[in-house]
């Protein structure tokens, strides 16, 4: 190799490296800075909204949970006193949590059961599917409204339509809302009636199941029951898990129906005193904002724990199309 070749080789190597690691030109740096600034400005409204309406109140609530605060005086630091009272001295806390857990364990399975049943019916190639889907989804849009809660209270009242239907059949007229034995059941029925949202998700999941699986089952002589338990349910487990998680979180936060039906008291005899309603009473009826903040953080911890437990258990029963597990 000549000295000229050596020189060229020596010069060419760093030149290639220089091109690879070349710093941006001044003009390019200006363009990148402008792009970054534009992107930041587009994000700024969301960031402001997040800080003002989410992160700020969240941190303020965490601070207030360790204080005594009634909206009219400055917060007084109390350490863990609110949490100690909540867990060791407040009997109503345990009662309201029991009502909430019963509501979650009854309303969620009913809602998901109705949703899956209707989704399977609509998946059978029904004519006018968009219309039926809209009709069944409508209760989910208005089910949590104050108007529907008032209507529900009238339907299950002493002079309500439910009694007008049942009395001729031999049932005794009663106030379903006013009895401690049946008041919570009426709210469970209301929750089950609002199955439209999980129904739409189930329907989308059913559409994704390959038809070849059902055709193979037909060739093997499989009946509807075998298809349901060995094809439909396993293939739907990711959708079932998602719906289960979302509906449980929603049920733990249920408030409006209990507030309207009981007129804010949680009655009769505390049978509809949901945890969120008790939290509301502490905050806005008794002005114990610090105590209510502690209750809110306890609810967050409970919901987070339930969510994590569901994720852990999902590894045993949730299956995906690629053969993996949740």
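Just so you know, glycine gets a Cβ as well, placed from its N, Cα and C.
All annotation found in TrEMBL is predicted automatically rather than curated by experts.
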For the feature transmembrane segment as recorded in TrEMBL, pick the matching range from 13-38, 39-64. 39-64
Does the transmembrane segment (258-280) come close to the transmembrane segment (39-64), meaning at least 3 CB pairs under 8 Å for residues 6 or more apart? no
Based on Cβ pairs under 8 Å, which of the stretches 101-122, 134-152, 258-280, 292-313 lies most in contact with the transmembrane segment (183-206)? 101-122
Do any residues, 6 or more residues outside the transmembrane segment (292-313), come within under 8 Å Cβ-to-Cβ of it, and if so which ones? 61-62, 64-66, 69, 82-83, 86, 93, 97, 241, 244-245, 248-249, 252-253, 275-276, 278-280, 282-283, 326
Looking only at residues six or more beyond either end of the transmembrane segment (134-152), which have a C-beta under 8 A from one in the stretch? 118, 122, 186, 190-191, 193-197, 199-200, 256-257, 259-261
